[in-house]
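Look at TrEMBL and you will find 1-20 tagged as signal peptide. The Zn(2+) 2 binding site annotation in TrEMBL covers Cys93, His225, His229, His235, Met243. Among the features that TrEMBL reports, domain 'Peptidase metallopeptidase' is placed at 113-270. Among the features that TrEMBL reports, Zn(2+) 1 binding site is placed at His176, Asp178, His191, His202. The annotation Ca(2+) 3 binding site is assigned in TrEMBL to Asp183, Gly184, Asp204, Glu207. Taken from TrEMBL, the feature Ca(2+) 2 binding site covers Gly198, Asp200. Annotation source TrEMBL lists Ca(2+) 1 binding site at Asp205, Glu207. Residues annotated as active site in TrEMBL: Glu226. Under the heading region 'Disordered', TrEMBL lists 271-295, 510-533. TrEMBL lists 274-289 with the feature compositional bias 'Low complexity'. According to TrEMBL, the feature repeat 'Hemopexin' maps to 304-349, 350-395, 396-445, 446-495. Positions annotated as Ca(2+) 4 binding site by TrEMBL: Asp308, Asp354, Asp449. The Ca(2+) 5 binding site annotation in TrEMBL covers Ile310, Ala356, Ala402. Per TrEMBL, the feature phosphotyrosine maps to Tyr384.
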Amino acid sequence: MVTLNRLFGAAVTLCVGALAMPSAKLISGTTSAMLYFSRFGYMNPKVLNPQSGSLLSEETIRNSIMDFQAFAGLNLTGVLDEETLEVMNLPRCGVKDKVGFGTNARRKRYALQGSRWRVKTITYRITKYPRGLLKNDVDREIAAAFQVWEDVTDLQFQRTSSGKVHIEVRFEKGEHGDGDPFDGPGGTLAHAYFPIYGGDAHFDDSEVWTLRSNRGTNLFQVAAHEFGHSLGLSHSDVRSSLMAPFYRGYESSFELDQDDIKGIQALYGKKTTRPTPATQPPTNVAGGDSSSGGGESGGILCRDASIDAIVTLSDKKTYVFKGSQYWELTDKGVAAGYPRSISADWEGLPSNIDAAFTWSNGNTYFFKDDNYWRFNGKTGTSGYPKKISKGFAGVPNNIDAAFVWSGNGKIYFFKDSQYWRFDPTQRPPVRESYPKPVSNWENLPDNIDDALQYSNGYTYFFKDGQYWRFNDRAFRVDTAEPNFPRPAGYWWFGCPASGSQMSAVHKNPVYAPLPSNDNEDDTLDAGGQTPSG
């Protein structure tokens with residue numbers, strides 16, 4: 001009997017035939033199909049709960065069917081036709097198909113879960129081997145599965161027999177201590193953890209694992225798929241992709257699809273020529289490294305991740321300001337050599353600034369109290385500071401945040417529970433309808449510390465050491481796993497995971513978030529008003 005937690009939790013699992021649904025019955029009608037859609041992210045599970053008061057309308061059913069058909073590359077009929085049911089009954093992975101966020105879905109089909117390792121050398125250990133295979137054979141197949149990803153990135157995978165490791169590989173039966181028990185032969189094959197949860201991969205030892213054979217379950221291909229999750233990849237809607245949800249069985253001439261390659265390289269970069277790496281394994285396996293925020297460079301930010309301001313300059317470098325110091329951020333956390341003194345590098349810029357943003361002309365504007373400063377790079381412009389009331393008429397003093405929003409290219413200022421839109425091309429630059437309530441920005445808190453429109457098309461809001469990722473296209477805070485807000489220290493500054501996070505890493509399986517809303521309406525204001533310009 002499969003529990004409701006198993007039904008709707010959607011851990012990252014590979015399933016065969018039975019799909020780990022409440023029974024092994026084939027999906028043949030609306031009821032079983034709706035359970036399928038609910039489990040795999042095409043329908044909100046609440047609509048199937050009699051106590052929720054929600055009605056399962058024909059439109060909801062039709063939209064769910066079409067959503068699945070679109071993901072599976074089928075004709076968009078909106079009905080459970082033979083072709084659709086055939087695909088729904090294919091052996092498949094048990095995680096929801098709508099995991100993480102697509103990166104510009106019109107051109108890039110892969111999906112990223114939202115977390116990655118901040119080191120290039122990733123260690124692993126096989127702590128428990130399967131019954132039916134020789135240890136040396138398992139070592140070789142697991143190494144080959146990691147090699148699939150090493151071949152297209154600068155990642156390196158090292159098997160080690162002692163000390164802490166990034167990824168633990170185990171073959172288990174039934175309940176094995178992570179709250180997601182295996183269900184015997186022919187059901188769940190394996191499950192994995194995304195990097196934020198530790199990256200571990202567990203395989204069901206009740207299965208018949210085989211090597212280079214059409215019989216049983218091919219260990220190499222299942223492991224390569226699971227390690228994709230361990231590295232931060234979600235499912236792809238490209239059917240030839242290794243990360244597609246539908247299990248393909250043994251392929252004698254297996255190779256990664258271009259979609260898989262683009263996905264993993266979006267997380268870790270392309271393969272480059274480099275010198276032979278050091279053999280010393282990394283000491284920090286919690287997602288950081290010695291040059292990131294977990295070390296001396298970012299110690300202040302790790303003790304208290306609240307910030308005054310964050311801004312990306314025209315040279316694409318991102319800086320965080322706090323008190324009298326500032327830090328440069330890299331893809332690993334905090335750059336080496338930081339923090340540095342604001343007064344030493346930004347002549348004329350005061351400590352404890354309120355907010356900052358970079359305009360399209362390359363100039364960066366800093367705000368504090370009733371003044372603002374203009375810089376080009378780290379060079380200040382003469383004649384500043386100036387009064388906010390003069391240069392940004394209609395904008396209040398003592399603002400909390402400032403940023404340029406990707407939805408319309410306008411400047412937004414936040415203060416307390418209100419925000420203002422500033423358009424330098426119109427007169428007056430702030431319309432009479434402002435200020436408006438921050439609550440118009442769905443699920444954002446009041447009194448934020450600052451905001452950043454990042455290069456990936458998302459806007460990030462920071463408050464009290466946490467951050468919210470705002471989906472500019474859907475116009476709401478993203479629904480993802482882990483939920484927002486998230487700790488800025490771990491995700492932005494490279495700090496080690498806190499005690500509570502480490503507990504989650506070792507105890508909780510990976511659960512899929514609800515699907516993102518790909519609404520094209522860039523509506524900013526309540527009442528359906530679309531920003532002009």
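For all residues, glycine too, the Cβ spot is worked out from N, Cα and C.
What TrEMBL annotates, mapped onto the structure for a quick look.
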residue	record	Cβ contacts under 8 Å, 6 or more apart
His176	Zn(2+) 1 binding site	Arg170, Phe182, His202
Asp200	Ca(2+) 2 binding site	Ile167, Glu168, Val169, Arg170, Ala192, Tyr193, Ser230
Ile310	Ca(2+) 5 binding site	Thr318, Tyr319, Val320, Phe321, Ala356, Asp450, Ala451, Leu452, Tyr460, Phe462
Asp354	Ca(2+) 4 binding site	Asp308, Ala309, Phe367, Lys368, Asp369, Asn398, Ile399, Asp400
Asp449	Ca(2+) 4 binding site	Ser306, Ile307, Asp308, Ala309, Asp400, Ala401, Phe462, Lys463, Asp464
Inset, instruction - Given the binding-site residues Asp178, Gly184, Asp204, Asp205, state which is nearest to His225 (Zn(2+) 2 binding site) when distance is taken between Cα atoms. - result: Asp204
Legend entry - Other C-beta atoms that fall within 10 angstroms of the C-beta of Ala356 (Ca(2+) 5 binding site): 27
Legend entry - Spatially closest candidate among Gly198, Tyr384, Ala402, the listed recorded positions, to Glu207 (Ca(2+) 3 binding site) (Cα to Cα): Gly198
Inset, instruction - Out of Asp205, His229, His235, Tyr384, point to the one nearest Asp183 (Ca(2+) 3 binding site) in space (Cα versus Cα); all of them are recorded positions in the record. - result: Asp205
Inset, instruction - Give the three-state DSSP assignment (helix, strand or coil) for Glu207 (Ca(2+) 3 binding site). - result: coil
Inset, instruction - Give the helix, strand or coil assignment DSSP yields for Asp183 (Ca(2+) 3 binding site). - result: coil
Inset, instruction - Using DSSP reduced to three states, classify His191 (Zn(2+) 1 binding site) as helix, strand or coil. - result: strand
Legend entry - Among Asp204, Asp205, the one of these binding-site residues whose Cβ has the fewest neighbouring Cβ atoms within 10 Å: Asp205
Legend entry - Candidates His191, Gly198, Asp204, His235, Tyr384 (recorded positions) - the one closest to Ala402 (Ca(2+) 5 binding site) by CA: Tyr384
Legend entry - C-beta crowding around Asp178 (Zn(2+) 1 binding site), within 10 angstroms: 18
